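Before anything else, here's the structure in question.
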């Protein structure tokens, strides 16, 4: 009974499980006091042991007492009672995290972080090439920083390292080789031509992906997808004819990168296992680093030892040179990781639109930062190519969603 009295004092505008044993009306004001259970006067019933007292609503055993209370016409007490009930309702609901209450805001933040890191990587990467034009060595640095990051993450158990065996190694090796080749060739193109032009050429990647699916894997590609790729090919061709920074090294390297990433996707499907994507990406990075080291040593090693490092340090100093190499590797790894986290939160349709917008952001910011002069025809061709990629991505995403719905209905 002592606990009930304390509850009454702390919540004077509310009653806990109030029962009246007789139906005779009384105008006597209500007074909370302890009464023996056998008394014929107003008494309190024990609180249910399994119900929280703060979420217990006011209950009366008859209509007579309810009518007397409301006939008193005390709006202030009634308002306080309603406010207390609302507070109890809020208290009773389970506490939700910020991400659960505002999912759209959190997803938007992921998209912003993904774009921001990608833009910073492309800009800083190109600035390094302006005074250190060694894309094979820079590609090694990208992967090396990411591998060190993964090893540290494994060391602290975030995430826990998944075991590796010969079978899985055999499946991941061709994926890592294609990843290494595509990554190196992308950097060769970045070093040779403008960032905006490289991304325009890389807009052809869906075309190579569709061609490989049709002629290598034997998957029938619908006619609407092929038609949506026509403006991509036309736009890239139009932009390439008048690109002021055009050279064959940059163009061919970007095309090889497209082919490499296409086959990486094909081999990735064969390497699908129960391992999580974070561990798979870590293992792919390690194997790809081993593939990138020999060409970097053979092709660029002698030049680097003779004058490459000396010239870079003489231009920007040792601290900036080393910090630039570290940060381009860090931004490369982080933007890929955040991209994976972002794509896990959204539907394929949103993913497709986001991927196209990312390329638009990179092209736009690179033109502004580096002041690259582009012709009107190049600008129009780039716009047509990006529009074609968007159309292709939307059609493909819709087809995938329809397949999933049909599979769910069939099951």
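Note that Cβ sites are derived from N, Cα and C of the backbone, with glycine treated the same way.
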Look up transmembrane segment in TrEMBL and report which of 188-207, 248-267, 308-327, 328-347 it refers to.
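It is 248-267 that TrEMBL annotates as transmembrane segment.
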Could you check which of 168-185, 348-365 is flagged in TrEMBL as transmembrane segment?
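Matching range for transmembrane segment: 168-185.
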Can you work out whether the transmembrane segment (136-156) touches the transmembrane segment (223-242), with the criterion being 3+ CB pairs under 8 Å where the paired residues are 6 or more apart along the chain?
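Contact between the transmembrane segment (223-242) and the transmembrane segment (136-156): absent, because fewer than 3 Cβ pairs are under 8 Å.
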